[in-house]
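Database features (TrEMBL):
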- H484: active site (ACT_SITE)
- D528: active site (ACT_SITE)
- E537: active site (ACT_SITE)
- 143-549: domain 'Glycoside hydrolase family 9' (DOMAIN)
- 1-15: signal peptide (SIGNAL)
Amino acid sequence: MLSAIILALVANSLAQNVDVKMKLLQHWDNNFEGQFCYTLTHHIVGWEVIIKFDQPIKHIQQWEADWIEQPDDTKCITEAKLVNKNYKGVHDKGEQLCLKFMANTCGSGEPSATGTLVDLTNDHQTLPPLNVKPGAQKSKYNYADVLMKSILFYEAQRSGKLPANNRIPRRGDSALNDKGSNGEDLTGGWYDAGDNVKFNFPMAWSTTVLTWGLIQWKDAYENAGELDKITLWLILHWRVGDGGIDHGSWTSPERMTGNRPSFKIDASSPGSDVAMETAAAMAAGSIAFQTKDSAYSATLLTHAKQLYTFAKAHPSYYSNSVNAAAAYYKSENITDENSWGAIWLYKATSDKKYLADAEAAHIPGESWGFSWDEKIFRIILLEYNLKKKSNDKGVYLQDIKATMKAWMPGGSVPYTPKCLAFRLQWGALRYASNAAFLALVAADLGVNPDIYRKWAISQINYALGDTGRSFVIGFGVNPPKNPHHRGSSFPMIPAPCGWEEQQNKGPNPHTLYGALVGGPGSSDDYVDQRNDYIHNEVACDYNAGFQSAVAGLQHLANGQKLPTSYKTCS
Ligand SMILES: *[C@@H]1O[C@H](CO)[C@@H](O)[C@H](O)[C@H]1NC(C)=O
């Protein structure tokens, strides 16, 4: 019984090549018609057939698939390679897949051939070994595992030329022609979400928040694996891709052929919000890489200062300069970015002029939340951190407590019945995770540490499985399998791709490890559907606060300080 189960698992998980002998349907003079038929043992999303002839043939003709390389009609050949046509790659288990063709023999005798079916469905990505710190506290969910997978998600979102150590087998180089209006190299960066656009504003936000988590809880990363040089792309590139054009197609980054317009800010069409956020990301990056790579750190700081100076001289909304951004990631208010950029510059340089700027732009009061657009809460935290040393705890401490009070049960933020703080239906888990991250930072600053940590655990553990299912792809019990994500929904190249894969009834062929999906509706309702971009899309900004919060929890586990009990609601 057990061995039968093991065999069944192997048969399902391995993409085995299947060889069949050609069936000779007709043969007269030097003409013949042949066929290969395969009975499919599992659901497939793309395939290739390699035909090897035992004698040379020529003038092979068929209409059921596409040539990977068109054979030269005038030459005698012994091998031909076909791939499924677009809209003909998805087949159910048990289906017969048959390919018919005509050809001429070059010599005499009965033609014979073998056709190998190659399953292009899945890249069978393997996971790196998990290094948990010896002696780390055991937790209900393995945070080190989540952290490692979340890092893999950012690797899966990479654009441009991939490094030799790329760990996502299905991913290849993409968007290598991303250029600015003066030919500047704009390759690199991350694709934003389930689409293939690079949006600088949320990308810079994600970078700042990931880097903050790295600076705050470095030990969590030492065991989970090094964070990539996540800030490197910021030096090089600007927002590339047009949301309207990109969202109208369903393709993978490697197969994109369309126009990818780029947009820029400068003195005549400024955008201090995005410039300040990018300055913050680079200043944070300069701190993170200070000892590891001092030259890189210095370059980041130089760019951060330049961007800061530019933004300060041109206070403005980038959505007014870059109309294409207005529909997607428009900043509602640029005041928070001004203060935010100043704080990170101060942290990186200790230059008092930045601190004075940060103080001047301070926004007092309780905060609505924390996201790519809304930075007040994190500003308060950092200001408090800076001020604590001079013992001025008053206003910042009050604001932290007021914001946390609003977010905890009984506050102004609504809750789902199963106790997720439900700020908005678009990416609800992201807002809760962002707030959990800040609660952990506040706890480290000595503000209600036990209460805030337990609350942060309740929010992160909701995402990891407390409702009976995981909302992180490739992690835990019943994770999402059908995310609204183009790249993971396609078979391996050379298979083509299109809307058939968007509609594919099976799971996404590739597991997009570590990605946090949007999450439930207000009554914990959630269906794992690919076309639901409200609840089932993934995004760079969804994972940023989440990953940093998970790093914070792993840090607590490393130090045996993780609270062992928490309430889900009260
Ligand atoms: C932006 O926020 C600041 C501080 O809260 C406020 O004074 C200002 O009026 C806001 N601007 C807009 C356009 O809402």
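Just so it is clear, glycine is given a Cβ too, placed from its N, Cα and C backbone atoms.
All annotation found in TrEMBL is predicted automatically rather than curated by experts.
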Message: Just to confirm my parser: what is the rounded mean pLDDT across the domain 'Glycoside hydrolase family 9' (143-549)?
response: 86
Message: A 10 Å Cβ contact count, applied to the active-site residues D528, E537: which residue has the minimum?
response: D528
- line: For D528 (active site) and E537 (active site), the CA-to-CA distance in whole Å is 10
Statement: Whole-Å Cα distance, E537 (active site) to H484 (active site), is 5
Query: Counting only residues 6+ apart in the same chain, whose Cβ is under 8 Å from the Cβ of H484 (active site)?
result: G194, R530, N531, D532, Y533, N536, E537, V538
